[in-house]
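Student: Handing you a structure now.
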Amino acid sequence: MSSLFPTSRWSVLVASMLLELCGGSVYITNLYLAALRPRLFPGAADGEALMEYLVFASNLGNWVPLAGFLYDARRGGPRTVVFAGAALTLLGYGGLWLCSAFDVHANFAVLWLLWFLWGHGSGYFDCAAIATCSANFRESRGLVLGLTKSFYGLSGSLLTQVFLAFFAAPDAAPAFLLFLGVALCLLALALAPLVRRLAPPRPLDADSPSRRFARGYALVGALAVAMVAISLLRAFSPLAASRAFSLGALGLVAASLLALPSLAWGAAAAAGSPSVGSSSVAGRVGLLEEADAAAARRESGAGPTQHAQHAPQGPPLQLSPPPDGQQPGSGVWASVASVDFGLLFVAAFAGWGGGIVLLNHIGKIVTAAAPAQASSQASPILVSLLSACNCIGRMAAGACSDALSRRRCHGSLCYRATHLAILGACAAGTAGALALGVRNRAIYRGKLLDRAAV
């Protein structure tokens, strides 16, 4: 298999970025909710509320943390997780296609389960990509996670271009569900052999991480800016509503995706170290103990030892990677019981989820302030625009994370100042959003009262 798929950690990164396109489909449910409601709940007075419950099922499935257990299982690993995600995605979207295309009036429990399944599958793709890249780039996890997760956010914008080019017709919602189930599943299966954990690169390898990261951030940043520009053109230019414009935007997306493999060019032969756990890696001599001893001597003020004065000549040896098994104090429950996990959980619980809630309800927000026709045109534009901005934010967070970890200023003061600045920006944005929401609610209520009076 290694001869068929020669991999370096950079080719794994490219595959993981593309894999995130499969996981980000949770951002585009608003594209087909309105067209799907009369098919799933014909004549139901509470159809809109029932659709809300189905969207909640997909979000819940996305966040249920079962993929991590499969990833760390004895017979698990990244490829197994990708295969499981592909099966769940195909089953969920395929079942919804059957129910919507052939008027199969399934009960609500079956529909809820189908939405949960495809949402759960998207979480498996995200887990495989993030855990694998984090293990392969231990010295620059912030940069690699920012680059990988950027495609999770950008996937909403890219899939919107596909929707507008081929599935924008009101009766095309079932076909779009079939496309999501089949295309995302096939893409994940094609990428699965490339998503693997690798041993650290040898010190003399031509890995060039700084240049490759800069190239990757430039490529993804340019694609995100292009998606923002395309979204704005759709909003303000009548020519952007044509099918030719949609096909041109889709061609730009395809060209950008074809440029991504350039991140791995020249790295396969140099950095193609064997997978973790292979005998060739296990037989190498590690230098970690000597490095720790040298650091301890420097801190204590002791002089170098005789061994340190006469360092052996020759090429540097590669550090042996840690074993795959659980380390003392690093089990699941030990991690959950730690203070760090508790703080991260509180921060994630308070900070995550706002974006996906906004994207899921963007249609209602637009409808409250615009006619129905304008709402149907504006919703895909806003989904694409917000997804592109989400991508830019993820890249910035990853780059800032690594920059702060290098402690270019005093660590504690730097972290506190950054956190306070972020909290201040969030508080200001929340207050502004609340004021706009109250104002729009008053305007919307006034419109309803005027209609009732007429």
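Each position is counted from 1, following the chain as shown.
Note: Cβ is positioned from N, Cα and C throughout, glycine not excepted.
Bear in mind that TrEMBL entries carry predicted annotations, made automatically and left uncurated.
Checked TrEMBL, it gives:
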- 9-261: domain 'Nodulin-like' (DOMAIN)
- 12-33: transmembrane segment (TRANSMEM)
- 53-73: transmembrane segment (TRANSMEM)
- 80-98: transmembrane segment (TRANSMEM)
- 110-131: transmembrane segment (TRANSMEM)
- 151-169: transmembrane segment (TRANSMEM)
- 175-195: transmembrane segment (TRANSMEM)
- 216-236: transmembrane segment (TRANSMEM)
- 248-271: transmembrane segment (TRANSMEM)
- 296-331: region 'Disordered' (REGION)
- 313-325: compositional bias 'Pro residues' (COMPBIAS)
- 332-352: transmembrane segment (TRANSMEM)
- 420-438: transmembrane segment (TRANSMEM)
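For each listed feature, how buried is it and what is near it?
Tutor: Within the chain, the transmembrane segment (53-73) has long-range Cβ neighbours (under 8 A, six or more residues past its boundaries) at 26, 29, 33, 40, 80-81, 84-85, 108, 111-113, 115-124, 126-128, 131, 326, 332, 353, 356, 360.
Below 8 angstroms of C-beta separation, residues 19, 22-23, 25, 36, 67, 70-71, 73, 104, 110-111, 114-125, 127-128, 174, 177-178, 180-182, 184-185, 188-189, 191-192, 195 of the same chain, each at least six residues beyond the ends of the transmembrane segment (80-98), sit close to that stretch.
Long-range contacts of the transmembrane segment (110-131) within its own chain (CB-CB distance under 8 A, at least 6 residues past either end) are made by residues 16-17, 19-20, 22-26, 40, 53-55, 57-68, 70-71, 78-79, 81-82, 84-89, 91-93, 95-96, 99, 145, 148-149, 152, 180-181, 188, 195.
Long-range neighbours of the transmembrane segment (151-169) within the same chain, counting only residues 6 or more positions beyond its ends whose Cβ lies under 8 Å from a Cβ of the stretch, are 17-18, 20-25, 27-28, 31-32, 126, 175-176, 179-180, 220, 223-224, 227, 230-231, 234, 243, 246-247, 249-250, 253, 359, 380, 383-388, 390-391, 393-394.
With a threshold of 8 Å between CB atoms, the same-chain residues lying at least 6 positions outside the transmembrane segment (175-195) that come near it are 1, 4-5, 7, 11-12, 14-16, 18-19, 21-22, 25, 31-32, 36, 78-79, 82-83, 85-87, 89-90, 92-94, 96-97, 100-101, 118, 125, 128-129, 132, 159, 162-163, 166-167.
Within its own chain, the transmembrane segment (216-236) is flanked in space by residues 13, 17, 143, 146-147, 150-151, 154, 157-158, 161, 164, 245, 249, 252-253, 256, 259-260, 262-263, 378, 380-382, 384-385, 387-389, 391-392, 395, 399, which lie at least six positions past its ends and keep a Cβ under 8 Å from the stretch.
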